[in-house]
Amino acid sequence: MDKIVIKGGNKLTGEVKVEGAKNAVLPILTASLLASDKPSKLVNVPALSDVETINNVLTTLNADVTYKKDENAVVVDATKTLNEEAPYEYVSKMRASILVMGPLLARLGHAIVALPGGCAIGSRPIEQHIKGFEALGAEIHLENGNIYANAKDGLKGTSIHLDFPSVGATQNIIMAASLAKGKTLIENAAKEPEIVDLANYINEMGGRITGAGTDTITINGVESLHGVEHAIIPDRIEAGTLLIAGAITRGDIFVRGAIKEHMASLVYKLEEMGVELEYQEDGIRVRAEGDLQPVDIKTLPHPGFPTDMQSQMMALLLTANGHKVVTETVFENRFMHVAEFKRMNANINVEGRSAKLEGKSQLQGAQVKATDLRAAAALILAGLVADGKTSVTELTHLDRGYVDLHGKLKQLGADIERIND
């Protein structure tokens, strides 16, 4: 079993490049199923285990997938007749596999997708996806752990008001509606940059989508879509993690590919703490020294503070003075990293959906285990400043969302190794 071992105390300096966004590439890969004419080529694709999983799902659905890892590119040819069923053996590994349902319904008029797995954080229900498909005219029923969807008269444009701005549901409905008859309106839509990237991709394929990035998205259905070449946007969560690595070690690093507009809620909090940020055309420079100020954070749907940055920000707040409160409103069960931080001598108490951090914690190296993807990164960040040696296990979580994080940190001056036991 792999582990990452960190000896804390080194300031990070230098330059590091952000990979393509995991949360953009997965829906965009599934959207490639919409192209009945010509293959699509996606570039700036991060080399992640989740990308391999979704590629396997697409192959099962009868798409030809060529993964050119050395070029960070994937070519998807979905011009043949697609299979209707995404089986449990793949879908169980990753929740994003549910995103094949929209494209399959759009292309075939029917789909069978196993109920998803792959995430330890809360229940992440799929009711909003189902609500959207039913509004578009599909009949849905659940049986033997599968979702059966059938739109025997085809999908028809409609108005859909989401109860919550679910990212996955917004993406799935956009994809289904892109080939539906007539106009679809999604109200209370998710506004993440990854939604905008998906809409841009489908528009490049010949789609007619407006309003992505706002509350209301309009999709005018078209007859068919064709493959194109598209570059995936940079990963704002990786960028944020690297900015925090610079700040937590009181270092000075340039994060190439970090886009301020994609992570405004994070950078404003960092500035409030006294972290110095310099915004350049192709990235963000982060510098920090001395004591940082306490701030409170509350996770919210975009453009609020991202839940995917909560645990990393908590690591940074442990090194700041004063009283801090971290409130998680997006997912239940997302404080599992707190118990691991406590093993490192962190002063944190959880009360319901809030974690209270008292004073500056004198972090000490310890053996800890990653409980989810972002917790893995957060524990590594804490290890960068802990006194002594920190060992982080359960790295399969980390590999789902970060490409060579330990290698990047080492290149910036961290004393860090990945060891295969």
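Just so it is clear, glycine is given a Cβ too, placed from its N, Cα and C backbone atoms.
If you check Swiss-Prot, you get these features:
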- Lys22, Asn23: phosphoenolpyruvate binding site (BINDING)
- Arg95, Arg124, Pro125, Ile126, Glu127, Gln128, Asp308, Val330: UDP-N-acetyl-alpha-D-glucosamine binding site (BINDING)
- Cys119: active site, proton donor (ACT_SITE)
- Cys119: 2-(S-cysteinyl)pyruvic acid O-phosphothioketal (MOD_RES)
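Val330 (UDP-N-acetyl-alpha-D-glucosamine binding site) counts 20 other C-beta atoms within 10 Å of its own C-beta, drawing on all protein chains shown. The Cβ neighbour count for Asn23 (phosphoenolpyruvate binding site), using a 10 Å radius over every protein chain in view, is 26. The Cα atom of Lys22 (phosphoenolpyruvate binding site) lies nearest to that of Asp308, taking the binding-site residues Pro125, Ile126, Gln128, Asp308, Val330 as the candidates.
Rounded to the nearest whole angstrom, the C-alpha distance between Pro125 (UDP-N-acetyl-alpha-D-glucosamine binding site) and Asn23 (phosphoenolpyruvate binding site) is 18. Of the listed binding-site residues, namely Lys22, Arg95, the sparsest Cβ surroundings within 10 Å are found at Arg95.
For the binding-site residues Glu127, Asp308, the greatest number of Cβ atoms within 10 Å around a candidate Cβ is found at Asp308.
Close to Gln128 (UDP-N-acetyl-alpha-D-glucosamine binding site) in the fold, though at least 6 residues off in sequence, lie Leu162, Asp163, Phe164, Ser166, Gly168, Ala169, each with a CB less than 8 Å from its CB. Note on Ile126 (UDP-N-acetyl-alpha-D-glucosamine binding site): other Cβ atoms within 10 Å of its Cβ, all shown chains, come to 20.
Under the three-state DSSP scheme, Pro125 (UDP-N-acetyl-alpha-D-glucosamine binding site) falls in the coil class. Glu127 (UDP-N-acetyl-alpha-D-glucosamine binding site) sits 20 Å from Asn23 (phosphoenolpyruvate binding site), taking the C-alpha atoms as the reference points. Geometry remark: Asn23 (phosphoenolpyruvate binding site) versus Val330 (UDP-N-acetyl-alpha-D-glucosamine binding site), CA distance 16 Å.
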